[in-house]
Amino acid sequence: MNILILSRNSRLYSTRRLVEAGRERGHQVRVVDPLRCYMNISPHKPEIHYKGETLENFDGVIPRIGASITFYGTAVLRQFEIMGTFPLNESVAISRSRDKLRSTQLLARKGIGLPMTTFGYSPDDTEDLINLVGGPPMVIKLLEGTQGKGVVLAETQQAAESLIDAFRGLNVHFLAQEYIKEAGGSDIRCFVVGERVVASMRRQAKEGEFRSNIHRGGQASTVRITPEERSMAVRAARIMGLNVAGVDLIRSAHGSLVLEVNSSPGLEGIEKATGKDIAGTIYAFLEKNARQGKTRTRGRG
């Protein structure tokens, strides 16, 4: 197959592994920077151009689109979909999962277990928002954050109110969420490919930190997940409409809960922790499913 990877940095571990794994399996693989792509939006012959050449005749496209370029990156991916190129994850599914509020509402609608979460606008409702999640300690998440950035632990009522006031003063939206103290700063990343959990790892926050993200110094190790957790991860990815997803779970006193569904999960932590060839598994999915024009909107809302 002829595969295109949309990535701003070909030296990143995940991008390198996807190139290596594809070529090892006999595929032609090319990496292009989505921000250098530009489009001819035509009803008769839609095109994508890159540094003066036309990009065409690809069997599949693998989006590795960072959160900061979601708008433009998904526009480029959508243009490939219009041209009939099979996307590993569809543009609409990526946009859906990147919106923390929208994705939380959709997961809740389908009965997926979540930490108690509130969202509001008026300063008059701040105290009620805090009380609805059980009071401090509590987590406040910026809707635009990624890799643990914009996620703050408020340990007291005064800290919670001050943080909420500060975020409102900056005119940014946020979620207030219960803090799962019994998790001890750990969560579980389930890597879903084609409605199967193909690998899972435990991420443990470094001492003095409650965020377990690998980018923030968290340590990865192998973990055995339960059948219920496996089913929950697959369902969460399906609700988002994602073929490939990193579903983050946290174990609470009242069962496992979904923290987030990531549409562009990194490969380094989970491949090194588990020893599994996740990049190869992604290509196995593409080999089975990538067909010209086989683009359809998955998920709802």
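Using N, Cα and C of the backbone, Cβ positions are placed for all residues, glycine too.
According to Swiss-Prot:
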| type | residues | note |
| --- | --- | --- |
| BINDING | K141, E178, Y179, D187, R211, S212, N213 | ATP binding site |
| BINDING | D248, E260 | Mg(2+) 1 binding site |
| BINDING | D248, E260 | Mn(2+) 1 binding site |
| BINDING | E260, N262 | Mn(2+) 2 binding site |
| BINDING | E260, N262 | Mg(2+) 2 binding site |
| DOMAIN | 104-287 | domain 'ATP-grasp' |
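This view paints the features noted in Swiss-Prot onto the structure.
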residue : record                : Cβ neighbours (10 Å)
K141    : ATP binding site      : 22
E178    : ATP binding site      : 19
Y179    : ATP binding site      : 20
D187    : ATP binding site      : 24
D248    : Mg(2+) 1 binding site : 21
E260    : Mg(2+) 1 binding site : 20
N262    : Mn(2+) 2 binding site : 23
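E178 (ATP binding site) falls within a strand segment according to DSSP. In terms of Cα spacing, the binding-site residues K141, E178, Y179 all stay beyond 10 Å of D248 (Mg(2+) 1 binding site). It is 20 Å from the Cα atom of Y179 (ATP binding site) to that of N262 (Mn(2+) 2 binding site). Cα of D187 (ATP binding site) to Cα of N262 (Mn(2+) 2 binding site): a span of 14 Å. Across the fold, the C-alpha of K141 (ATP binding site) and the C-alpha of E260 (Mg(2+) 1 binding site) stand 12 Å from each other. The domain 'ATP-grasp' (104-287) scores a mean pLDDT of 91 in the predicted structure. Here the C-alpha separation of N262 (Mn(2+) 2 binding site) and E178 (ATP binding site) works out to 20 Å.
A gap of 14 Å separates the Cα atoms of E178 (ATP binding site) and E260 (Mg(2+) 1 binding site).
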